[in-house]
Amino acid sequence: MADLTALNPIRLSSVVQGKMGKKKEERQPLLVSSNEPLNDTYDRSAIPRPDLRNSPDNVVVHLAGGPMEGASTPDGGVPPPPKPPKPDFDPVLNRNLEHPTSNLDTMIHLLKGNIGSGILAMPDAFSNAGLVVGTVGTLIMGVICTHCMHMLVKCAHELCRRSQMPALGFSEVVETAFATGPSVLRPFSHAAKIMVNVFLCITQLGFCCVYFVFVAANLRDVVAHFWIDLDVQVYLGLLLIPMIVLNWVKNLKYLAPVSLFASILTITGLGITFFYMLQGLPRTSSVHAFAPWHKLPLFFGTAIYAFEGIGVVLPLENNMETPQDFSGLTGVLNTGMVIVAALYTSVGFFGYLKYGDHVKGSITLNLPPNDLLAQSVRLMMGLAIFLSYGLQFYVPMNIIWPLIKDKLHTEKAQMYGEYIVRTIIVIFTFVLAALIPDLGAVISLVGAVSSSALALIFPPLIEIITFWKVGLGRYNWILWKDIAIVIFGLLGFGFGSYSSIENILNADKS
């Protein structure tokens with residue numbers, strides 16, 4: 001899952017010098033990306049790495065565009081053959097940052113990038129798997145996702161050496177892998193990059209839909225207890241105008257204090273939730289150890305939604321003062337993901353054990369309604385998610401808006417056009433949320449459709465393509481391992497999507 005904090009962008013402050021004497025000012029992209037259209041060309045050697053501390057919430061995500069824009073011809077055709085790499089080029093030694101992050105900073109960002117609203121849905125995931133399968137499955141899912149993160153970092157280092165670039169983002173890694181891989185795949189490098197950006201956009205728009213439903217559901221519970229019970233669509237409608245106004249804020253520096261406040265609310269709410277979950281726990285025999293097999297795809301979708309932090313891995317590693325400490329057995333990545341997996345497993349285990357089959361799409365909805373402290377948790381988490389919508393929204397906006405901006409030729413048209421595009425995207429997520437107001441079903445569907453592709457399918461494919469000519473280990477064990485992960489991701493993608501859609505349709509009929 002990127003969740004509450006997986007979307008916080010980074011803005012570059014440098015000016016990119018173009019080749020052939022042409023100069024083009026880069027318009028402060030996120031990470032190593034640009035907001036320029038997909039067919040613009042930049043000088044790769046001039047792209048510096050981003051400064052993580054300029055982020056509004058000190059967490060980073062990857063966006064469209066970037067230094068690999070020049071890898072494709074203007075018409076999207078076959079890119080020119082890459083220059084022979086320097087054998088002694090080390091991307092780590094060629095990274096020049098004004099404010100690199102320490103290991104502790106990176107650890108905090110990694111935790112924030114992986115822990116968000118998805119953790120509150122883990123008890124619902126356990127109800128679709130059972131206590132034993134949910135516990136073991138969550139830990140296995142964490143191991144696989146962490147391994148895919150390691151794969152992505154390893155491939156990024158190799159591709160940086162080939163392209164003589166100090167750092168690459170997610171979509172640039174995919175594009176470079178295709179452009180430098182087997183010749184039959186090179187014509188598809190630009191299309192592969194666009195595909196990754198499409199999945200990034202789908203994922204973030206899905207998160208925005210989840211946020212709409214989450215806030216409306218928690219607000220409805222509070223109001224229904226103290227005043228009147230209205231349909232959840234009513235609260236979705238009431239949230240629409242505030243959401244639109246919030247997302248008219250173009251400069252993320254104004255969202256920095258908002259994001260910090262949301263983080264404080266999230267931590268506080270999660271702590272109080274644990275306080276309620278751990279009181280009066282029943283015996284483990286009171287819940288199912290194994291759920292019916294047909295429910296497992298729903299568990300997969302929710303779990304992979306929670307483990308969606310792969311989008312922050314490359315930006316964090318790229319921005320470290322000592323990137324050598326990121327990987328390794330006791331590195332920052334493994335340490336952080338162990339904490340993440342432990343939190344997910346504990347929330348899922350104790351939440352399901354406490355509330356059993358009556359657990360809801362968010363554990364906050366199960367807290368005692370007559371307790372004022374429990375009601376405050378709903379308000380805190382709802383407000384935190386509401387305030388975080390703008391950061392999630394920033395990702396699809398920076399993928400979609402550059403494609404429209406160049407078609408508007410005056411500054412006034414661009415100004416009003418951006419407000420219109422922002423409004424339309426918010427309304428689009430509102431419509432989707434109103435059509436599917438089931439929080440658990442939405443989370444499972446988003447996880448199965450998009451998070452599985454980004455976290456489980458693309459990384460092993462990138463590794464296969466990157467090291468196809470170099471070698472894939474003795475007896476090609478790397479190839480078979482990656483194929484197994486891809487098959488696992490495809491099965492989760494297919495069955496998870498089918499089960500989620502079926503669950504949504506059945507809920508509508510009932």
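Don't overthink the numbers, they just go from 1 along the chain as shown.
Using N, Cα and C of the backbone, Cβ positions are placed for all residues, glycine too.
Source: prediction; values computed, not measured.
According to TrEMBL, the feature domain 'Amino acid transporter transmembrane' maps to 99-501.
Annotated region 'Disordered' per TrEMBL: 1-90, in sequence order.
When Cβ-Cβ distances below 8 Å are used as the criterion, the transmembrane segment (129-153) is approached by residues 122, 170, 173, 284, 287-291, 295-296, 299-300, 303-304, 307, 310, 313-314, 317, 326-327, 333-334, 337, 340-341, 344-345, 348-349, 352-353, 455-456, 459-460, 462-463, 482, 485, 488 of the same chain, each at least six residues removed from its ends. Residues annotated as transmembrane segment in TrEMBL: 129-153 (among others).
Summarising the annotation, TrEMBL assigns transmembrane segment to 194-214 (among others). Residues 1-3, 7, 38, 62-64, 117, 170-171, 174, 232, 236, 239, 243, 308, 311, 362, 381-382, 385-386, 388-389, 392-393, 395-396, 399-400, 425-426, 428-430, 432-433, 436-439, 442-443, 445-446, 449-451, 453-454, 458 of the same chain lie 6 or more positions beyond the ends of the transmembrane segment (194-214) yet place their CB under 8 Å from a CB of it.
Positions annotated as transmembrane segment by TrEMBL: 226-246 (among others).
According to TrEMBL, the transmembrane segment annotation covers 258-278 (among others).
Sequence annotations record features per position, and here TrEMBL assigns transmembrane segment to 298-316 (among others). Within its own chain, the transmembrane segment (298-316) is flanked in space by residues 1-3, 6, 10, 31, 50, 52, 59-62, 101, 106, 109-110, 113-114, 118-119, 121-122, 124-126, 128-129, 133-134, 137-138, 141-142, 145, 148-149, 152-153, 156, 167-170, 173, 200, 203, 291, 326, 333, 340, 344, 440, 443-448, 451-452, 454-456, 459, 492, 495-497, 499-500, 503, which lie at least six positions past its ends and keep a Cβ under 8 Å from the stretch.
According to TrEMBL, the transmembrane segment annotation covers 328-352 (among others).
Look at TrEMBL and you will find 372-395 (among others) tagged as transmembrane segment.
Per TrEMBL, transmembrane segment is recorded for 416-436 (among others). Long-range contacts of the transmembrane segment (416-436) within the same chain, counting only residues at least 6 positions beyond its ends with a Cβ under 8 Å from a Cβ of the stretch, are 205, 208-209, 212-213, 216, 233, 236-237, 239-240, 243-244, 247-248, 250, 393, 396-397, 400-401, 404-405, 408, 442, 445, 504.
What TrEMBL lists as transmembrane segment is 483-501 (among others).
Against the transmembrane segment (372-395), stretch 258-278 has more CB pairs under 8 A than any other of 226-246, 258-278, 483-501. Cβ atoms under 8 Å from those of the transmembrane segment (483-501) belong to residues 144, 147-148, 294-298, 300-301, 304, 441, 444-445, 447-449, 452-453, 455-457, 459-461, 464 of the same chain, restricted to positions at least 6 beyond its ends.
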